[in-house]
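Down below is the structure, laid out as structure tokens.
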């Protein structure tokens, strides 16, 4: 299991292609042709400037592509983090808008799949959807998931959050087949609700769980790694958790610590600096998934409990 970070320059993307469709890639594509496949997870500190964030994402995409990754995962709010109330709703766009157009072009020009967690998708004049978008290496949108569990929390230390005041929750659990296995899509606060991950694993047959996030510094220090490792262990899936990191503005700071975790709960990818911008790269080993699930067949041993 290899993991490392790299740093390179990027080239500017050009044209745009978009199509929304259900995945047509068979699950056996990745598991029978190649027993291992490389993935990357990005860490960044997004700000309230769409083009600045796109430049950072473009550079990280090129790093991942040159490292041989077939998929790179970005954190929640990759394209924008506002520093004033209402900013995120103001800049929200539909999936066929210019922001997503740029990222579709980037995926196609770089020949790599993108997991874009926490895109501000326009719902109406006062609300958005926190949408996880998966784009293939042809620049096509393969599927989307809208965050179901919204962050309405009083964080120890005085900060309060009310995501539901401007975000419409999703209602559908989503998985999508890809060259790196069957992906289970979630976003950030979903991590605290195991049932969605259980459904992705046991009902939708996910092999890799994606958790793009922007954990607060306080909650991240207390719970980030242990929650991620728990989700990996209880589902016997790889977990890729791309994280926002550091100070976005005077009011907001994210924990960072982007991680890739294997089905046994072992951290196999981690940046050396918890809050630095960069990527971590690791190999998804399908033989390990098979081995863990065969030796401990929890999918066959689960008992239905009605309370």
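Each residue, glycine too, has its Cβ placed from N, Cα and C.
Swiss-Prot lists 1-36 with the feature transit peptide. Here Swiss-Prot flags 37-286 as domain 'CN hydrolase', drawing on sequence analysis. Residues annotated as active site, proton acceptor in Swiss-Prot, with sequence analysis given as evidence: 76. Residues annotated as active site, proton donor in Swiss-Prot, with sequence analysis given as evidence: 147. For 188, the entry in Swiss-Prot reads active site, nucleophile, with the evidence type sequence analysis.
In the three-state DSSP scheme, the residue listed as 'active site, proton donor' falls into the coil class.
Residue 188 (active site, nucleophile) counts 26 other C-beta atoms within 10 Å of its own C-beta, drawing on all protein chains shown. Its Cβ placed at the centre, residue 76 (active site, proton acceptor) has 26 other Cβ atoms within 10 Å. Reduced to three states, the DSSP call for the residue listed as 'active site, proton acceptor' is coil.
Counting in whole angstrom, residue 147 (active site, proton donor) lies 10 from residue 76 (active site, proton acceptor) by their C-alpha atoms. For the pair residue 76 (active site, proton acceptor) and the residue listed as 'active site, nucleophile', the C-alpha distance works out to 7 angstrom.
For residue 147 (active site, proton donor), the count of additional Cβ atoms within 10 Å of its Cβ stands at 25 [all protein chains shown].
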